[in-house]
Amino acid sequence: MAIGSLAIHVIALALWVGGVFAVALLNPAQRALAVPRFSVLALWAAIAVVISGGVNAFIRLDFKGAWNSSYSYLVLGKIVLTVALIFIGYLHRRNLVKLSEISWPKFLQLISAEVVIMTLTVFAGSWLSTTQPPIRESDSVVDRALSIVGVPMPVEPTWSRVLFSYEPDAFMIGLLITAVALYIKGVIVLTKRGDKWPVGRTISFAIGISAIDFATSGGLGLYAHFSFSWHMVAHMSLGMIAPIAIVLSAPITLALRTLPQGRNKEERGVRGTLLSVLHSRYSAIVVNPVGALLIFDGSLFAMYFTPLFGNLMSNHAGHLLMNIHFLLAGFLFFHVIIGIDPNPKRPPFLLRIVTLLAAMSIHAFFSVALMSATTQIDGGYFASLQIPWVGDLLVDQNKGGAIGWAMGEIPILIALVATFIMWTREDAREARRIDRTVERMAAMGQPDDLAQYNKYLQELAERDRRSGN
């Protein structure tokens, strides 16, 4: 929690501080466009800075014992400076039009106080990062797992502990809260416009977000740090279950229908930027069955059968990066196969089915390799944790391979069935379209190519029948 909240704090502060200095260097014409947009960004960055900083201070500080320490004084000073910055930003936000039109010297004078306070805030943050916070009593006991993973060693897992334990990952929670807020905002925008958004898609999105939270911050995410078998359950949840639910919620479609466009012809806007990404050459490479399959299944071998797995598991940032990769790779793969979001070049159904069968075979081969492995692939990571309730680490790794095989094949089979259903429905829609075209042409008294071809075949059949007689 401390590492994740610190990451959010640093990123948000960098966006806020960097944005202020960038706006100060723009010419008046550019500033007129940038200030209103940066104002919104600065508001959310300030909120993230305050919340993440407060959470981080609460986790690190023993307020009762550290109230008179220099560290607590620095924290309080940074809070005061941050509040002052937010107040100045509020005053600027009330006068956005005037602020975007004034000359550079006057603008520089106006924000000079903000720049000075922001510099002091950054200085205080740098000082805090090099200062040892007062140690809590509970922190005086050395926890080997905590020093390596950043999470205390849990007790032996049971179903109740896995289902109801919670060790929040602040960074992932921040991402999930942002995603949920944007999705709900999009649905509200459509509703106010008078458009309907299927409830099933919203439910699917909620299921996907819940699966991600359970696999990263819930009991599953907690035990995934300490056991390869539980890690594989989390991997399959992030790479298979959650992506299918997110894909079926159509987030890209919702974004394209609700995101704002550019305010003038020269500006893309958020929606235009998303469209340019979807139609870029990079998207053409990865958003196709072959590219998606290479990322989805090929990365398994690159990650698990190289030293990369042990290196990523050994630190919080690496484990976070691994989880995000699983999620994005799964989303990309199932978007190509069963996605309802727009795709610049939708692959034919037969190719999708072949891709699913290939993915199933590759995944089975990967799982069998894990099940039959005679050496550990973690580079000594799990052994370094000295976990009392795991037992034989190699047996646990083989068990993880079996879990990965079982949990991986079922979602792919579901996707295969869904692809057949989509193919059948597509053929039925095409047949109805052709029938409507034939009826319309006949009603207008115009020749129809399909009708003429059928008549030609009937004439040939009649000619063959006569010649046979």
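Residue positions begin at 1 at the first shown residue.
Positions of Cβ are set from backbone N, Cα and C atoms, glycine also.
These features come from TrEMBL:
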DOMAIN    34-128  domain 'Copper resistance protein D'
TRANSMEM  6-26  transmembrane segment
TRANSMEM  38-59  transmembrane segment
TRANSMEM  71-91  transmembrane segment
TRANSMEM  107-128  transmembrane segment
TRANSMEM  170-191  transmembrane segment
TRANSMEM  203-226  transmembrane segment
TRANSMEM  238-259  transmembrane segment
TRANSMEM  280-305  transmembrane segment
TRANSMEM  317-337  transmembrane segment
TRANSMEM  349-371  transmembrane segment
TRANSMEM  402-423  transmembrane segment
- Select the range from 38-59, 170-191, 280-305, 317-337, 402-423 that forms the most Cβ-Cβ pairs under 8 Å with the transmembrane segment (238-259). 317-337
- Query: Looking at the stretches 38-59, 203-226, 280-305, 402-423, which one shares the most CB pairs under 8 Å with the transmembrane segment (349-371)?
  - Reply: 402-423
- When you check the transmembrane segment (280-305) against the transmembrane segment (203-226), do you get at least 3 Cβ pairs under 8 Å, counting only pairs 6 or more apart in sequence? no
- Message: Restricting to the domain 'Copper resistance protein D' (34-128), what is the model's mean pLDDT?
- Response: 67
